[in-house]
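> Annotation source TrEMBL lists domain 'Major facilitator superfamily (MFS) profile' at 1-326. Marked as transmembrane segment by TrEMBL: 27-48, 60-80, 86-103, 115-137, 143-161, 181-201, 207-225.
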Amino acid sequence: MENLDATIVTTAAPAIAADLGVDSAAVSVTVTAFLLTVAVLIPASGWLSERFGVRRVFTTAIAVFTLASLLCALSTTLPLLVGARVLQGVGGALMVPVGRLAVLRATPRQGIIQAIAILVWPGLVAPVIAPFLGGLLTTVASWHWIFSINLPLGAVAFVIARRIVPETAESAPPPLDVTGLVLVAVGLGSLVGAAGLLTGADLDGRAAAPAAIGLVVTALAVRHLRRAAHPLVRLDAFRFRTFRVANASGSLYRATVNAVPFLLPLMFQDAFGWSPVQAAPWCWRSSPEIWRSSPRRRACCVGSASAGCSSPRARSVRRAWRRWPS
């Protein structure tokens, strides 16, 4: 549900904009708000699962995500929709990593790779089917149904999670790095806000202040995370060159992949005048052509090669694995 909702809004953006009385490009803030909330709160998910138990946090996250989906469907203005998407991000930030943690904890060591592969594939398939599903629901019903579809899925997931996810004993983890969480949230939020201001046709310097604040606060966040006794995110792995290269190339790849599903539906619907259900198949058809002709293919290959090269280094620190926080 989290991966599906990250991209399903894109095909419905023009319909949402027309219904709420805003520009189509302005709807992108709903996608940004969701993804930014997920990115900021994911580091706290491990601490919460240790403090309150995996099943309790996981089921609460499903409930929050499902409730937020209902609020999204009932939104009548763009600010209300953005607020509901932020609440969705809170649920998604806890739902996905804690759910994966529950699976990996119950998986024998020799089955870890297979379990990770099974967990990753739904996240790869969701962005592929999201444009068509969003276009179909928007054309046949209305854009509200792209969020309402989560209600039965969330209810079923909640019941299943209550039955099959084992409860773990609450522990006393190290104190939550609140300072690091605030710095990361403010830094990333300011940088994303500055990027949003740069999307306007009139670049009047409004992005300078939030960009400067974001850079300064992000630098302070990195400084804090490197010195804190119990940092929100451990940066030790960046000492390895393969890890740095894999993350850099992966970031470039994801930036391109996430931009294409949003830009293509806008072009097909706003510029060509197509309906959402007409635009969705062409988003599918265009993606392979863009893949073959764009630099992201090389970026993905570099990322995969870097990950492969890092395997021997990862085996050399296998004994230290148990000392790493969840």
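Placement of Cβ uses the backbone N, Cα and C atoms for every residue, glycine included.
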> Counting only residues 6 or more past its boundaries, what in the same chain has a CB within less than 8 Å of a CB in the transmembrane segment (60-80)?
1-2, 5, 20, 22, 26-27, 29-30, 87-88, 90-95, 98, 144-145, 147-148, 150-151, 153-155, 157-158, 161
> Thinking of Cβ pairs under 8 Å, which stretch from 27-48, 143-161, 181-201, 207-225 has the most of them with the transmembrane segment (86-103)?
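The stretch with the most contacts is 27-48.
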> Using a Cβ cut-off under 8 Å, which residues of the same chain at least 6 positions beyond either end of the transmembrane segment (143-161) come close to it?
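For the transmembrane segment (143-161), the list is 1, 5, 8-9, 12, 15-16, 19, 55, 58-59, 62-63, 65-66, 69-70, 72-74, 99, 133-134, 137.
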> Mean pLDDT for the domain 'Major facilitator superfamily (MFS) profile' (1-326), as a whole number?
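Looking only at the domain 'Major facilitator superfamily (MFS) profile' (1-326), pLDDT averages out to 76.
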